[in-house]
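Here the structure is laid out as C-alpha cells; the discussion comes afterwards.
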Amino acid sequence: MNNWTAYKWQTFFIPIIAGIALLSIPLVGDFHIESAILISLVGCFWAGISATNKSTERDFHVALQITGYLFLIGLPLLVNALLTGCFSIHGLAYWLLFPLPSVFFGYAIGRLIRSLKLSYAKAITVGILLFIGIGILLIELLTYPQVYFFNHVWGGWPGPIYDEVVRVNRATGFFRMLTLLWAILLWHIPVLDKDRYSKWVVGFSAVAILISYTQLTELGINSPRSHLQKVLGGHQSTEHFELYYHQRLYSDYEINLLAKEHEFYFDQISNQLALTERDTADKIESYLYGHPWQKKELVGAKFTSYVPVWLEQDQLHIAKEQISSSLKHELVHVMSKKFGNWFNASWTIGLIEGIAVAIDGGSSSTSTIHQLVVSEKPYPSAEELERAFSFWGFYGGRSGVNYTTSGSFVRFLMQNYPIEYLKKAYQTGGIAEAYQTDWQTLTSEWHAVLDTVDTDTIDQQVARRIFGMRSLFEKECPHVVSDFATAHDNYRFSLANQDTARALQFLDRALVEADSTAPIKTGWSYRNLIEGQSPKVRQAAVLVDTTVDLQLLYADAFAMVGDWEMADRHLSEGKQLFEENSDSLLKPALETRNNRLQWEIYRQMTYDNMLPDSAAFNEALYRTKIRSVRKAIEQEKWQMVELYAHQLLEASLDKKYFDDYQQLIHYLIFQNNIVLAKQLMVQLSKLPLRNRYRDRLQQEWEWVEFLKTGRENGSYD
C-alpha cells in the first residue's frame, strides 16, 4: 500500500518538476504558444507509443491520463503567469486547443497500428508521426509562401517571432477541430466490424474531413499564391517584376511609382553584387499588402516583411507602411538567392541580413551603420563576431545589435575585398575560408576602419535606442499585451483600412485604458480634430493639462469655431508651460499660433485639407510650408507640389527638414521635373549635412540617372 501511494505521488510530482524546469527556458517557460507546442509534440508521441501496448479496454482512460500529466507540466507555468502578471487568455486557449487533440490524434494512430498486429508497431507509429509532424511541414514550407503553419502533431506556428502579439484565431480553432475529427475517425476504424455505431462515426468523420479539406484556403489554413493574388486584386507588370497589390488601398500613382522603384533598386543591387543579367521571363513577384493586419491574416507575418527564399518562385511580401523602409532590404534577399546554397540562402543568418543592411544603409535615417557601431563601444571582439555570424548566434541576441553589427561588418567586406569573396562566403557559410584569412585578422581590419569614423551625440542617442531594444527572449511577459495596446492596435488597423469611424471608437477606448495620460490624450485630440470631431476635443479641454501640445490643440479646437476667448486662454497656458520647461521642437508651434494669419493658414491646411495658395504659402512660417508640401504630396496635387518647390528655393533650406526635402526631390524626379529637383539637390549639398544624409542624397542623383536612362531607352515613358 505504501509503495502504491508513493508511486501515485511520484507520478504526480514528476510532471510538476518538469514544468518548474521549463520556467528557466526563455519563451518555452511562458504559459503561451511555445510551451503549448512543445507539450503537444511530446504528448502526441507519448500517446502514440503508449497506444501500441497490448491494452484495448482502457485506451480512452490512458489517453486522458497522458493529457492530465501534460496539464500538470503546465501547472507551474500557469501559476507563474498568474503571479507575475503574464497570464494571457490566448495562452490558455493554446494550451486547451493544442495538447488534447494532439494526444488523442497520436493515440488513435498508435491504436490503429496495434489493431493491424504489425511488427515494429512502435517504430511504425513513430515514423508516421514524424512524417506528419516534419514531412508535411516541409511539404507546406516548400509549396506555400506563408510563414504560419498548422500541424496535427504539434498544433501550429503563428508566424515570425518578431510579431509579439499572438492570438488564437478562427483558423486555429477550425484546424484543431479537424485534428479531433481525424482522431475520432482513426480511433473507431479498429472496431468497425464489432460496432455498428462506429460505422456511423467513421462515415460522418470521413465526410466532415473531406468537406473541411475543400475549405482550407478559405478558412486560412494555407495561402497559395493564386489565393493571395485573387484577394489583393491589383496587378501590374514591369521588366523584372509582377506586382500584386491591394487594389483599394493603393492609388494608380503609388503603384506606378512603386513599379519604377522596384526596377531602380533591382538595378542598384545588381550592380553592387555584380550579378549577371536576369532573364526577363524569370520575374520576381512582389506582394504589396494594404496594411500589416492584412498581411498577418493572409501569410502570418504582421510587421515583419519577408522573402521566402526557400521557394523556387522569387517573391517578397511587404505591407504598405513598411515599403519605404524595407523594400530595398527585402529585394537584396531575393536577389542574393542567385549565389546562395541549396536552400537559396546562407547558413549564416548574419550574412543574410548583413548584406541587406549593408546595401540598404540600415534602419537609421540620421546615422550610418558604421557610426552606430562606433557609438556603442567597445567593438565586438573576433570571438563575438564569429558567434554572431554562426547559424544560431544571430537570433540569440538583440536584433538591433546583430542587424547593425552584421551590416557594418559586411559593408567593410564589400568595400575592401572582391565581391566574389562575399558570394562564396554566403554560399558556404565559411567567412574565414572564403576570405582566406582568420577571424582575428578580419576583425582587426574592420576595427581599423571604424576608428576613422566620426560620431556625435545624435549617433550616440540613435545607437542607444537601437542597441537597447530588448529581444523577445529577454522580455518577462513576451506575449502579454495591455488593454491599451490592444485598443491602439485596433485603432491603427481601422485607420490603415480607411475606416475612420471605427478608428475613432478604438481611439476612445485606448484613451480610457490609458487613463487619459497626456501623450495619449494628445494623439486622441489631434486625430479627432483631423476627422472633424472638434466638439469632442472642446468638451475634453481643461486648463490643468500639463503639456504644451495639449493646450495648443485645445486652442485649435476653440479657434475653429471662433471662440477666441477660450482659444487665447489655452494658448496662454501653453506659453506658460513652455516658459517653465522650454522645448525647441515646440517653439515653431507656438510661433504659428501667435499670429492670427499664420494660425488660420495652418488650421485650414491641417484640419480642413485646404492647401495654401501661392500668396499664403509665401506668407506662411517655414514649418507650415513644409507641412503644406507633405499634404500636397499626400493628396497627389502635383502642380501645387511644384509650385511649393519653386518657392522653397527662394529661401535658404534648413537641414532639419532633410527628410521632407528628400521626399519632395524623389517625387519631382518621378514627375520628370529634373531641373527643379537638381536645383534642390545642389542647394542641399551646400549645407553641412550628416554622412547618412549625403548617402541618401546620392541615391536621389542615381534615381535621376536611372529614370533618365530609362526614358531615353523608351522603357519608362
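Each residue, glycine too, has its Cβ placed from N, Cα and C.
Annotated transmembrane segment per TrEMBL: 12-29 (among others), in sequence order.
For the transmembrane segment (35-53), the list of distant contacts is 22, 27-29, 59, 62-63, 66-67, 70, 73-74, 77, 91, 94-95, 97-99, 102-111, 113-114, 121-122, 125-126, 128-129, 133, 152-157: same-chain residues at least six beyond its ends, Cβ to Cβ under 8 Å. Positions annotated as transmembrane segment by TrEMBL: 35-53 (among others).
If you look at the transmembrane segment (60-83), the same-chain residues 6 or more away from its ends with a CB under 8 A from one of its CBs are 11-12, 15-16, 18-20, 22-23, 29-31, 35-36, 39, 42-43, 46-47, 50-51, 91-92, 95, 99-100, 103-104, 107. Marked as transmembrane segment by TrEMBL: 60-83 (among others).
Within the same chain, residues 30-33, 35-37, 39-41, 43-48, 50-51, 59, 62-63, 66-67, 70-71, 74, 78, 81, 125, 128-129, 152-156, 166-168, 172-173, 176, 179-180, 182-187, 479 sit at least 6 positions outside the transmembrane segment (89-109) and bring their C-beta atoms closer than 8 Å to a C-beta of that stretch. Taken from TrEMBL, the feature transmembrane segment applies to 89-109 (among others).
Long-range contacts of the transmembrane segment (121-144) within the same chain, counting only residues at least 6 positions beyond its ends with a Cβ under 8 Å from a Cβ of the stretch, are 41, 44-45, 48-49, 51-52, 106, 109-110, 113-114, 151-154, 222-225, 310-311. The transmembrane segment annotation in TrEMBL covers 121-144 (among others).
Marked as transmembrane segment by TrEMBL: 173-190 (among others).
Residues or ranges marked as transmembrane segment by TrEMBL: 197-216 (among others).
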Task: Intrachain neighbours beyond the transmembrane segment (173-190), with Cβ under 8 angstroms and 6 or more residues off its ends - done: 59, 97-98, 101-102, 104-105, 107-109, 111-112, 114-115, 150, 152, 155-156, 198, 201-202, 205-206, 208-209, 212, 219-221
